[in-house]
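Please read the structure below before turning to the comments.
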Amino acid sequence: MKKIFSKKGESPLGSFARRQRSSAGGGGEPGEGAYSQPGYHVRDRDLGKIHKAASAGNVAKVQQILLLRKNGLNDRDKMNRTALHLACANGHPEVVTLLVDRKCQLNVCDNENRTALMKAVQCQEEKCATILLEHGADPNLADVHGNTALHYAVYNEDISVATKLLLYDANIEAKNKDDLTPLLLAVSGKKQQMVEFLIKKKANVNAVDKLESSHQLISEYKEERIPKHSSQNSNSVDESSEDSLSRLSGKPGVDDSWPTSDDEDLNFDTKNVPKPSLAKLMTASQQSRKNLEATYGTVRTGNRTLFEDRDSDSQDEVVVESLPTTSIKVQCFSHPTYQSPDLLPKPSHKSLANPGLMKEEPTKPGIAKKENGIDIIESAPLEQTNNDNLTYVDEVHKNNRSDMMSALGLGQEEDIESPWDSESISENFPQKYVDPLAGAADGKEKNIGNEQAEDVFYIPSCMSGSRNFKMAKLEDTRNVGMPVAHMESPERYLHLKPTIEMKDSVPNKAGGMKDVQTSKAAEHDLEVASEEEQEREGSENNQPQVEEERKKHRNNEMEVSANIHDGATDDAEDDDDDDGLIQKRKSGETDHQQFPRKENKEYASSGPALQMKEVKSTEKEKRTSKESVNSPVFGKASLLTGGLLQVDDDSSLSEIDEDEGRPTKKTSNEKNKVKNQIQSMDDVDDLTQSSETASEDCELPHSSYKNFMLLIEQLGMECKDSVSLLKIQDAALSCERLLELKKNHCELLTVKIKKMEDKVNVLQRELSETKEIKSQLEHQKVEWERELCSLRFSLNQEEEKRRNADTLYEKIREQLRRKEEQYRKEVEVKQQLELSLQTLEMELRTVKSNLNQVVQERNDAQRQLSREQNARMLQDGILTNHLSKQKEIEMAQKKMNSENSHSHEEEKDLSHKNSMLQEEIAMLRLEIDTIKNQNQEKEKKCFEDLKIVKEKNEDLQKTIKQNEETLTQTISQYNGRLSVLTAENAMLNSKLENEKQSKERLEAEVESYHSRLAAAIHDRDQSETSKRELELAFQRARDECSRLQDKMNFDVSNLKDNNEILSQQLFKTESKLNSLEIEFHHTRDALREKTLGLERVQKDLSQTQCQMKEMEQKYQNEQVKVNKYIGKQESVEERLSQLQSENMLLRQQLDDAHNKADNKEKTVINIQDQFHAIVQKLQAESEKQSLLLEERNKELISECNHLKERQYQYENEKAEREVVVRQLQQELADTLKKQSMSEASLEVTSRYRINLEDETQDLKKKLGQIRNQLQEAQDRHTEAVRCAEKMQDHKQKLEKDNAKLKVTVKKQMDKIEELQKNLLNANLSEDEKEQLKKLMELKQSLECNLDQEMKKNVELEREITGFKNLLKMTRKKLNEYENGEFSFHGDLKTSQFEMDIQINKLKHKIDDLTAELETAGSKCLHLDTKNQILQEELLSMKTVQKKCEKLQKNKKKLEQEVINLRSHIERNMVELGQVKQYKQEIEERARQEIAEKLKEVNLFLQAQAASQENLEQFRENNFASMKSQMELRIKDLESELSKIKTSQEDFNKTELEKYKQLYLEELKVRKSLSSKLTKTNERLAEVNTKLLVEKQQSRSLFTTLTTRPVMEPPCVGNLNNSLDLNRKLIPRENLVISTSNPRASNNSMENYLSKMQQELEKNITRELKEAAAELESGSIASPLGSTDESNLNQDLVWKASREYVQVLKKNYMI
């Protein structure tokens, strides 16, 4: 049968702690559970820069990485971990705060689907968890196992974190994949404080896991029951007349946990059982066998039968009365679900005084508990049910089997085909049988063995260490109708374990096997299995009672072989036998009719109930052993009366059934019987007791025979018939012979039993010795394993240290490289700076040379100026001379004229000369002017050039000073940097030296570690050698266990294969899940980015729209401001033009807003009227006071101010009107909205109409009249629609006319403005008259148009009133139609409903049309108002006409005034012309000055730009020079470094050569030492041969050689230890040849010695070769240990080893 053991001390979380993950899929180690290893297994190659910095807690580095954007905030490593995950797992709250402030994603999951909050809670990092919770991390996310952060807090028993999680709305009822809430998890983990805390927080106490078990109830029940039961064994015996009352005893076992899958009957958590290892299976099977004891089913005989009916509620006593048949007592047991069958109840029985009646006391159900407080077993009450429950249970467990298989972690194939399934139930389950004698009513003594029917009863089997229970199929071949539940698989029933057996006074050995007749081969297999189980039990044998029962069972089998098939006999043989000696078996129809019903009832009732029954009292066992021997003795006696007894040579009995006459199966040989009995320590006493009881019981028939003879003698006194007397005497003699034969047979059996007891004692001693040796071996094995584990741990630690050292070395190297690179960069920067300095110096030189050139040019210009001034002076002198000459000539001419007045010819000549001279003078003056202009221009240019040059000089001097300052600063900075660099270089050199020293130290440590490793390997090799020796010593024991181990290995391999397949599938699914999760995360990130982008775009759009609006508002405001400023300027220049500009602004506003146009036009007309009034007043004033123009002007100014005030008033009125207009616009918008709503409703109604048209086709016949009326209404509706359309057309026409009128009004206004302008001019008299005429004509035309529009409006109003009347009529008709429709009844109801819908639709349409009409009416009203406004405008125009007539009159008066004013204006115009010329000259001068200044500014800017460029070039040159210098220095340093490296390499090479020389010298020394060792070994071998000769001459050596071969050579260990050699010592059995028969003769001794010498020589040569090879390879080896015990040889070896060790110490410092 399959035995599966669960681990003790596992986590109570089921699959929670046992679920394994692959290292590739998850973040942790392989085999890591849900709660094991809370941190991450970090590898540098998997991490990015930000991940390394976050895991190390380096906040500055994380900031730097994020600033440089080397990694993102949410970047993931190969395990999908972010920097936040690693910071939380390693407990760095500063890094967490930094990442959270940068707004990283908080709910990102790793490969195990764990968030950073989960890792913080799992690693007990409270600060990190609080930071995450405060920033909005989700506490209700679940990982791969379904665990939330609260689960991890509960598991760690961290109440503070749990309170914080609950504060941030963590789900207290969250379930993981095992359906465990945090409360259930705390209960299962025995975390009392956490449970109390969760209950305070109102956790659900009635929560149920997958198995529908409440840990709350279990824990409460456990707390109540723990103090009531103790762990001691209670063995009490209460014996009454014939039966004993067995009491309960409980022994808590160790590691006897048995998970069950029957979750409906037991409310316990199932555990996923891991793969069982062989060692654990062996130990667990031993311990479970110690803890489990079997119960049994008793066969009771007599006239009455007793059936057990156990009900915990009623506990009634049931007494069943029947024919004399066998009674069946069925006891079904469930195996304990969790690890300790503590209290197993057994019913107590009493035999009543009444001989035929037996009662059963009510028994209390026992409750079994586990010591660790988790697993509790309650025995449920038994209930009697129908026979169908067997099959029902079978089907239920077929369904539950898959769940149980998954819980066990086993495959179905291994479940079905198990090597342990061949074991029988009776083999594994010791049984006790009570077979009491029931007294008959007539007082006759009856033999129970003959009277007892061979029936089926249930033997409850609790297999030792087995989770699987089998029910044997044992069916009677003659009783087909008996219902027996067949089991399909060994693991189907975990709580129902009844087995059915047929008994004939002795329990059958092979009752649990499927085959009906057991064979000898099967018995042999069972015996082997029993021996293997005995060997597995070890040295501890705490409960011998189980084995005693097993012994008794086998003793019974040894004596009598039961026949399984004799379950029924014929009714014909039950009637007329009154002998009392030969009484046939009774198996009538009553037997088989009664039995199956009761048996099935018992079975069905015991199925769901989980009762644990156990019998442990030793006295009870002894008593049952006696009774079990009694019954076969009587059975044999009854069979011997039939004359069919056979006594074989092997002392085995064969029995022939009386009913069918066929022989039953023989028992096995005595050897097999002996093997069956070698399984207990204390079975000798029981066997002796059983033999005694057998001999005593054999005397019982003899006493009955004497009583019979007395009866014959009494009859003989009365009876005279001699023939009958003779017959009676013959019968009596035959009975006496049979009894004597029986006694002889019993004596033979007693002799055999004694022999067997002796053998058993010997075997028991051997077994005890082997068990002790085995326990010692196991202890040694455990110790060796511990040492190996410690060595491995130390090796791992050393490897980790080495790795850490390597990583430190690499980090230091990287730091050095970085510093070197920085140094190189700084050197390059210095070189660049030096180059820039050089370039700046060059620029300075060039600037100085340019300055010298400019100075020279300036000097040249000054020289030229002086020359030109001299030339100018000369020209002035010449001109003065010419003038003086002319004057003299004129004077002379005058004199000559006066003197020579008569000489006309001379005068002509002189005049001609004068003209010529004057022309020359004019030419000279022109030349002088041009020369002056040129000189002036040149002087200006020179002065400008001088100024520029001075400015340039100043700038250059400033730049030179700045450059010098910067140069000094840069030189000082670079000197400081150079000093820092030199210091850093020195530091780096010191660090290099330190690193070299540390490297040397590390190398020394590595060498020491190597030496330690070698020592550890040496120790391990020694341990392995000792192990091998021990294993050779116990090969026999292992050979016996090899079969079981092979089977176990096969099972384990199957399990491993299945687990590997499952793990691969899991890995695949996990990888798929991870990939899907990664894709999901990527898509989610992409979506987030897209949404963020959209939001940004929307924000940008909104911002741009807002900016646009602001810009428009600003633009409008600016436009308004500009317009205002323009108006003000015009008002300052001319008051009339101001009014016109304001009118223009008003017109522009009218153009912008069409709705405001009318109001603005009114204001314009009013302003015009006022203007005309002002003009009239001016004309009157001009008529009255034409002379006082100034006073009039003042009055006009005051009047203009009044006009402005009025204008402001009008503007206020205009604003109010604009508000009114806005309200009207809002009303229009509301009406438009209503119209749109009505249109939408119209569309909806049209859709509904389309749907209803299909339905209305059927109703067309019935509703013809209604349709006609509807058509009329529709016609009216269409007419109304047409009218509305006409109205809209009229409205459009009116709007067009209004637009035309507005255009004409605008034209008129333009003309009025032109008139006003013309008024100002003087020449406007005739033109104005013509324009006035035109205006009059236009006014008349406007009046005509207005009259026509008024007529049209009147007509439209009439049409509207007509439409309204029509609508009213249609409404009335529709109402009448509706009233008329109410009269229709019956069939028209449906049609009425549909028509109502249509009519309602039409009503809605009509309402919409009325609304449209109302809107049209409102529009008409609006048009009326507009017409009224136009009429008002016409009236105003009439007033304008009147004013124009008055103006014409005033014009005539003004014309005269204008004539007077013109003269005054002409004067003013002359003055104005002069002023304008003066203004123009000033403006030109200003422009010239501005242009000159701009030129100067441009030149200055250009000069500045050039100087900046020069500066930049200078800096670049300086920088390049510094860079070059730094590069040169770096090259020098590199060359120095290369020299140092080369020197180091040379030094290393020299050192290596020295070491090589030393090594060669050591090799030579070793060779010499090896040669010495070989010599000493040869001497030792010679001494060994002598010693062997001496020893083998003694007789003691021969005796030891005969018993067992020498397994190991003597004195080997001493040599091995003294030499400190590392070579394995392999023991060889062929060193000494064991001689079985030593001879005393000299020839045999000589032959033996010669053989021994040959073998020793071979071994010595072999060992010498191996030693030489090992010495050459450098490993330490030990030569073959000889058997010399003399002091001389030991001294030699000791000296040699000491010398060798000293040499090693000198050379290697060991």
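Yeah, the Cβs are placed from backbone N, Cα and C, and that goes for glycine too.
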From SER530, SER652, SER1383, the one Swiss-Prot labels phosphoserine: SER530
Which listed span Swiss-Prot calls coiled coil, if the choices are 687-712, 1649-1674, 1675-1700: 1649-1674
Where Swiss-Prot places phosphoserine when the choices are SER22, SER246, SER261: SER261
Where Swiss-Prot places phosphoserine when the choices are SER11, SER340: SER11
Summary of DSSP states over the repeat 'ANK 5' (178-207), given as helix, strand and coil counts: 16 helix, 0 strand, 14 coil
Helix, strand and coil totals (DSSP H, G, I; E, B; other) for the repeat 'ANK 4' (145-174): 16 helix, 0 strand, 14 coil
Tertiary contacts of the repeat 'ANK 1' (45-75) (same chain, 6+ residues out, Cβ under 8 Å): 81-84, 86-87, 89-90, 92, 94-95, 98-99, 102-105, 108, 1085
Counts of helix, strand and coil residues, the repeat 'ANK 3' (112-141), according to DSSP: 16 helix, 0 strand, 14 coil
